[in-house]
Each structure stands twice: as structure tokens, then as C-alpha cells.
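What TrEMBL annotates here:
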type	residues	note
DOMAIN	33-207	domain 'Prephenate dehydratase'
DOMAIN	220-297	domain 'ACT'
């Protein structure tokens, strides 16, 4: 639709209109519910609304694990969790839950994140911060320049930080403009993130993955025998030999024993593509455990 759009209406407006049409259509076909991390107004809530529109049911969840639980138990149709930030890297809580989760990645979504300093107190009287660690990292330079000596208190999400700052004396929150309206807070500073193109990627969770679109990515995890020299190198070489591009690599402690790790690999291609299926079969020769977490259409614009 954006490609065909030659009218005076902007592509963003066109996108918003058709998103709501699709949202209403989906809600007529079946009741669709979406669990998301954080309080109303959180960045994850924004990403969910961008993906599903306003005609579905939304359920805020206190933790990322609660979102996974909601999908796995069938309490909601979908779940939305943050996966990585362009400035501060991967969300380890999401990675860790994937190790044991039965949920599948259904889709991905990107949201440009602009952080605001919100408070009902004057700037020079602000004594506390209420925000989550990822936001600290994304605003580190600004914080060190303007509020270096201020105490920083972690919360589960930026929306929860905004909510708490309405009742905590002499406090402020790093959050967004939507939360300023929702919780009646004043904006003391705008766009305080270190990088102006600061973007967070989210995963939409479901009980299954979507079909191939010929422009997909797949996330998988595996472990290798670290006592075997070159085990990880041999595993990665399979993708090179099959001409499969890898777009992301992460590792997390497996918790099976000390200094043993789970590797997360994101590759270009769908799990049902012949070349990907062949690669996964070959990979089993070098892996102790192998798990495909889902395939999803690539939403990253070149």
C-alpha cells in the first residue's frame, strides 16, 4: 500500500488506517487478546498497539515471564516482549525464558524509542529516578551530564516508573510522552536518549510460527560440548557452507553446570525452507541440544 500510495495522504496515515481496519476485521473473526510487558503506556504496549490496533483486548503483565506464561497457558492469543535495543543490546530476561518456553515467535516489530524525563517536581528538587535498567543504559550520557549524583531506583518498566513517580515524593521517571498524559506528569526534558535513532525490537509470541514469506528470519538456540575443540566453530560453519547469513549471535549461561552456555543464532530464512531444514539437520551432529524458537517475516527496513 505504501508503494502504491501517490495520494496526498502520508504513508504513515495510510498505515494507521489499514492497521485499524485489519484490527477490526480480526476481532470480528475471533476474540483476540494480547498480553504485553509493563503498565499501560509502556513501550511494549505501544509496540503491541502498532501491531494489532485498538480492536483487540490488551492485558498488561508485571514481568516478561508473565507474558510468556499467559501465552503458554492459553490465557491470551499473543504476547509481546522486548528482545533487544539498538543502543543497549539484548534483553537477557527474554533470552533466558526462551530456553525453557514452549511459546513460538510469531512476528517481530520495531519501535523508535524517545525517552523523556517526567516529574511533577522542579528539576533542581528531583532526588530519585524510577525507571528500568535498559533505559538507564540508553540515557547514560545525559544522566551523567545533568543528574550525575541523583539516586537511581530500578523498576520493572518505564511505565511503572511513571506511575510510581506520581506518588513517590521528589521523584522523576524516564518514560515517554504517552505516560506523561496517562499519569498527569510534566515533561522536564525531551529526547534524552544517547542515540537519536534509538530503536527497540519486540517479539510477538504465539503457540505457533507463521508461514514462509520468502523474506523471513529464524531464531534458534543450541548447546555444544565445550570440551570438544572447535565444536562451536564447526556448528557455525554449517551456515556458511549452506550460504545462510547470520544476523545475530548471543550466549547465556545454560544453568546445567558452571561455564556451560546456550547459544542463540538468528539467521535469514524460514525454518521450512529446504536449505534451512538441511542446515538444522546437519547441526544436530555437533549439538547437545537444538531448539527452533520460531520463524517470522523480516520487518527491518533496509
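Residue positions begin at 1 at the first shown residue.
Each Cβ is built from the backbone N, Cα and C atoms, and glycine gets one as well.
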I'd like the per-state residue tally for the domain 'ACT' (220-297) from DSSP, helix first, then strand, then coil. 21 helix, 32 strand, 25 coil
Which whole number is the mean pLDDT over the domain 'Prephenate dehydratase' (33-207)? 91
